[in-house]
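Below: the structure, in structure tokens.
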Ligand code: S3P
């Protein structure tokens, strides 16, 4: 596989990292979660970065991380807000193997509500988060060549994704 073969995009709580890790393990491929990469690189956790440097600085770090990992990893799980930053969006628009991981918003909400480690989910109501989700959907749709529903098992999703990649 050439780098990267698969870039998972989608809203917080849809299961991008779990899925990416599973596919990588099963196929002896390299995997990176961009949030983890940024945390390692800055020695700060995501809430600390948001608090100390602000969201725009985080988006710049995320863009750098995307650039660096696109040439070095097989599978990348991106953060849900990566499409908020024009340079990252442009990079993803031209990338191959971008798949949108999605599921019912009720499921997403139950997973991310009041998550202390997700500054954009913390202290947000159902309606506020649903509005953010609705605002982002068209961008995921624009950059991804296919969408998968993460309500299915990782085994089923993994097979589905390999078939989709073959057809891209
Ligand atoms: C964010 C999503 C998070 C993380 C940060 C911001 C967002 O990633 O990058 O908290 O704005 O949607 P996950 O999608 O992995 O939760």
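Glycine is no exception: its Cβ is also placed from the backbone N, Cα and C atoms.
Annotation source TrEMBL lists ATP binding site at 13, 14, 15, 16, 17, 18, 118. In the three-state DSSP scheme, residue 14 (ATP binding site) is classed as coil. Every protein chain considered, the tally of other Cβ atoms within 10 Å of the Cβ of residue 14 (ATP binding site) stands at 27.
According to TrEMBL, the feature Mg(2+) binding site maps to 17. Using a 10 Å radius centred on the Cβ of residue 17 (ATP binding site) and all shown protein chains, the other Cβ atoms total 19.
Here residue 35 (substrate binding site) comes close to 46, 79: these same-chain residues lie at least six apart in sequence, with C-beta atoms under 8 angstroms from its C-beta. Among the features that TrEMBL reports, substrate binding site is placed at 35, 59, 80, 136.
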Residue from 59, 80, 136 whose C-alpha is spatially nearest that of residue 16 (ATP binding site), among the binding-site residues: 80
Those binding-site residues listed as 16, 59, and which of them has the most Cβ atoms within 10 Å of its own Cβ: 16
Residues close to ATP site centre defined by 13, 14, 15, 16, 17, 18, 118, Cβ within 8 Å: 10, 12, 19, 77, 80, 101, 111, 150
Minimum Cα separation from residue 15 (ATP binding site), reported as the residue among binding-site residues 59, 80, 136 that achieves it: 80
Assigned element (helix, strand, coil) containing residue 80 (substrate binding site), judged by DSSP: coil
Spatial separation of residue 14 (ATP binding site) from residue 136 (substrate binding site) - C-alpha basis, Å: 13
